[in-house]
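Notes to accompany the following structure.
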């Protein structure tokens with residue numbers, strides 16, 4: 001595998017704020033818009049925003065994982081579904097993705113001498129609704145998995 005792997009272990013920490021929903025609004029006869037304008041959440045769904053997540057960080061050469069709490073992007077974005085087939089194709093769909101981010105450096109413990117224990121993790125500073133950047137993101141409905149620590153030593157907590 002090589003390199004560091006970051007796996008989502010837990011999703012939201014705490015209770016997300018709930019927004020009030022609005023019924024679908026038709027902007028153009030060919031496109032139905034679901035949710036409130038500007039990509040905000042709707043129907044009781046939280047809008048696209050930075051959320052706290054706990055991830056499992058591991059490297060092949062280090063015997064244990066480390067649970068790290070960081071900030072990622074999560075929430076709902078406005079979607080458009082065509083009412084009829086347009087010769088121009090389907091409208092682009094947006095997803096909640098990073099607006100601005102920085103990287104934090106973490107050091108794994110228990111790594112053998114001579115190996116690099118450092119891992120860089122992205123931290124969301126802001127989020128936006130945009131087309132999913134497939135070159136840098138997992139744009140699937142479900143992640144590529146597995147959502148657990150693969151190191152034989154686990155987290156080393158209480159073991």
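Using N, Cα and C of the backbone, Cβ positions are placed for all residues, glycine too.
Here the structure is a predicted model, which means the values were calculated and not measured.
According to Swiss-Prot, the protein has these features:
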| type | residues | note |
| --- | --- | --- |
| DISULFID | 48-96 | disulfide bond |
| DISULFID | 62-111 | disulfide bond |
| DISULFID | 65-149 | disulfide bond |
| DISULFID | 73-127 | disulfide bond |
| DISULFID | 77-129 | disulfide bond |
| DISULFID | 132-139 | disulfide bond |
| CARBOHYD | 52 | N-linked glycosylation site |
| SIGNAL | 1-39 | signal peptide |
Across every protein chain in view, the count of C-beta atoms other than its own within 10 A of the C-beta of residue 65 (disulfide bond) is 26
Which has the fewest other Cβ atoms within 10 Å: 96, 129, 132, 149, the disulfide-bonded residues listed? 132
Given a separation of at least six residues and a C-beta threshold under 8 Å, show me what packs close to residue 111 (disulfide bond) in the same chain. 59, 61, 62, 63, 117
Return only the integer: C-alpha distance in Å from residue 96 (disulfide bond) to residue 77 (disulfide bond). 6
What Cα-Cα separation, expressed in whole Å, is found between residue 77 (disulfide bond) and residue 48 (disulfide bond)? 6
Taking Cα atoms as reference points, which of the recorded positions 48, 52, 65 is nearest to residue 129 (disulfide bond)? 48
Can you grab the distance from residue 65 (disulfide bond) over to residue 52 (N-linked glycosylation site)? Cα atoms, rounded to a whole Å. 19
So of all those recorded positions, 48, 52, 73, 132, which one's Cα sits nearest to residue 149 (disulfide bond)? 52
Among all chains shown, work out which of the disulfide-bonded residues 48, 62, 73 has the most CB atoms within 10 A of its CB. 48
Specify the count of other C-beta atoms within 10 Å of the C-beta of residue 77 (disulfide bond). 22
